[in-house]
Structures are given as C-alpha cells and as structure tokens.
C-alpha cells in the first residue's frame, strides 16, 4: 500500500526543508482548493483526504522525523506502527540515559506507535479557514467597520458531530475490539498503535448521517462584523479567532483568516506608508504664485505655488499619508506638480510670445555648455 502513495512533500507542494508555518500555509491553500463543498471535480474528495493525511504527518515533528527516515513504511501496519530499528534504538538509548526521572519501561511502552495516551485523549482544535475580500483604497487608508457574508462550517444539527445517522448506528470495531488500539509483537516487546479502521475511537459507523454525509459538519451562512484597521495594506490578513472549522472532539474552533485585497485608486498610489499624487498645475498659477487645493484622503489642503517651482517638483505634505498599522503615526503625501500651459486666445497668445521673446534662456544655455 505504501509504495502507491505519493510523497507527502509532493502532495503539499513544498520542499523537504519547509518550516512549520510553510507546511500550515500550504495545507490551508490546498484544503480550500480541494474541499468537497467548494470543488465538485470527481477526484476532489480523494485529493482532500490525501492533503489532510500529508498534513497530519508533516505537521507533527515526531511523525515527520520518522517519515523523513523511513518514508511511508514508518506508518504501515505491516511495519508494526513504527520501524523496528527505531524501537531498539529508543530502548538502548533509554538505558544509556539511566533510570532517573521515572519508570523506563513505562516511558518506552507508552511511546510505541508514536502517541501517548495523554496525547490521544487531548482535544484537537478545528482547522483554520482562509477567505478573501476586496475593499476600496480609501477604506484601507481610513479604516472601516463592515459586515461580510461568510459560509461557515458548524457542528451538524442532525448528528451533533457524531457523523452517524442515529446513536444506534455505532458498532464496536472488530479489529481492535473497541479499544481503539492494535497490539503487535515486536521481538520481546508488545507495541500498541492507533487502530486505523476506527481511528482510535473503538467504534465503527454502520450508517452515516444523511445531512452531513458523515462529515460531522454542515454549512451555514452568517453575516460577520469585521473591523478593517486604518492603514491595512494589500494582501494583509485579518484574523477572527473561533470562526474557523469547529472541533469534533470538544477542542477550540479554528481561526478565520481574511486576506484583504485593496482596489487601485484612480489618482492615489501607495508606496509603503507614503501616498503619491500627481497634480496638474497651470503655468498661470505658478507665475502668479497662486494658492491651490490639494485633495488628500483626509480632506483638502491648501498650498502656495512659487515661480521657482520646477517641472515634476515633489512637495511633501507630512502626516497625510497612510496610517502606520498599529500606531497613530502616518506616512507622507508626496505631491508631484505637473505644469501645463493653459489655452490662450489669439491676442493673448501673441502677447505671451512677445513677452517670451525678450526673456533670456540662461538655464538651458548653461546646461548645454556644461554637457
């Protein structure tokens, strides 16, 4: 059986040196992609199971180490739940470390199969869920309270998460006789592994729930209130704890990760915490040194033009950029002036031409001489 399985790293599309965070991120992405509720392809459910199995092994440092060393055989029932070399190595290592700190045999036997009874009984938290939303540029700058529709997984209302149609539809697992554990003889040891037929529950479901199809969960649409913080950037994430997948064994719900996409603005452009804006300015206003209004995300600001302002001059308006997330500070608004020549009547144009004919061109002449 093991030889037909794909490499777990290949399944999650990650490198063998991937970090725990990279493993979790890859799992979230692929679980969302192949979840049967979202993907109606014939092989989606099988791929979802394959992804979940790979994550179960690689997210556990102990199981991952065994997998890296022995591959799929480390978890094959034919290999007694753990490699024999590992068993003897752990046994002699325990003797070399001395007898202090507890019963050595309890330690050895308690760890056969990769899990202790305490770990087996510990409640498992629900999986995290990731969704995406798109907001306007100014909402990202100023922040906003909003409500979004969310399709949430909740405990099935018919089976209450048991996955069975009725309480009477459970029968004792004949493979482990209801213990949830399988005993195997390895040399002069007896090892215990979790029963793969009942997943350690000791029970087999004879008739699955019609509503959730044996998943233990159903989908429910809710309206979720979220606070978009001022200054959030494109593709940053908002986390809502407790709104992910529920746990089927009494653990805490997972978290909902909301990836925020920000629409581009017609005029503003954001670079880190600064906002860039190009403003068309008439040569008339520059020559007359008029005051003009600059639109900012927080209202209009007045600036005074001067005749020495050059083409493409950048004016910094401090504290009118994006909010620095998690603080009360802001970046700057960087205004680039784009001068243009206004339209003249024929008579006015002749006067302008006459005025320019008597004006020197020293700046250009100096530049050309130095070139």
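Any Cβ shown, glycine's included, is placed from N, Cα and C.
Automated prediction, rather than curation, is the source of TrEMBL annotations.
Fair warning: this is a prediction, and the values are worked out from it, not measured in the lab.
Quick look at what TrEMBL annotates:
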BINDING   156, 159, 209, 212  Zn(2+) 1 binding site
BINDING   173, 176, 195, 198  Zn(2+) 2 binding site
DOMAIN    7-71  domain 'J'
DOMAIN    143-221  domain 'CR-type'
ZN_FING   143-221  zinc finger
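Of 173, 176, 195, 198, all annotated as binding-site residues, the residue with the shortest Cα distance to residue 156 (Zn(2+) 1 binding site) is 198. Other than 173, 176, 195, 198, the residues of this chain whose Cβ falls within 8 Å of the Cβ centroid of the Zn(2+) 2 site are, in sequence order, 174, 175, 177, 178, 179, 180, 181, 182, 196, 197, 199, 200, 201, 202, 203, 204. Distance noted between the C-alpha atoms of residue 195 (Zn(2+) 2 binding site) and residue 159 (Zn(2+) 1 binding site) is 23 Å. Cβ proximity to the Zn(2+) 1 site centre (mean Cβ of 156, 159, 209, 212, cutoff 8 Å) flags the following additional same-chain residues: 157, 158, 160, 161, 162, 163, 164, 165, 208, 210, 211, 213, 214, 215, 216, 217, 218. Residue 209 (Zn(2+) 1 binding site) and residue 176 (Zn(2+) 2 binding site) are 24 Å apart (CA-CA, integer value). When the neighbouring Cβ atoms lying within 10 Å are counted for each of the binding-site residues (156, 159, 195, 198), the highest count belongs to 159. The CA atom of residue 159 (Zn(2+) 1 binding site) is located 18 Å away from the CA atom of residue 198 (Zn(2+) 2 binding site).
Across the fold, the C-alpha of residue 173 (Zn(2+) 2 binding site) and the C-alpha of residue 209 (Zn(2+) 1 binding site) stand 18 Å from each other. Annotation for the binding-site residues 176, 209, 212: lowest Cβ count within 10 Å of the residue's own Cβ, 212.
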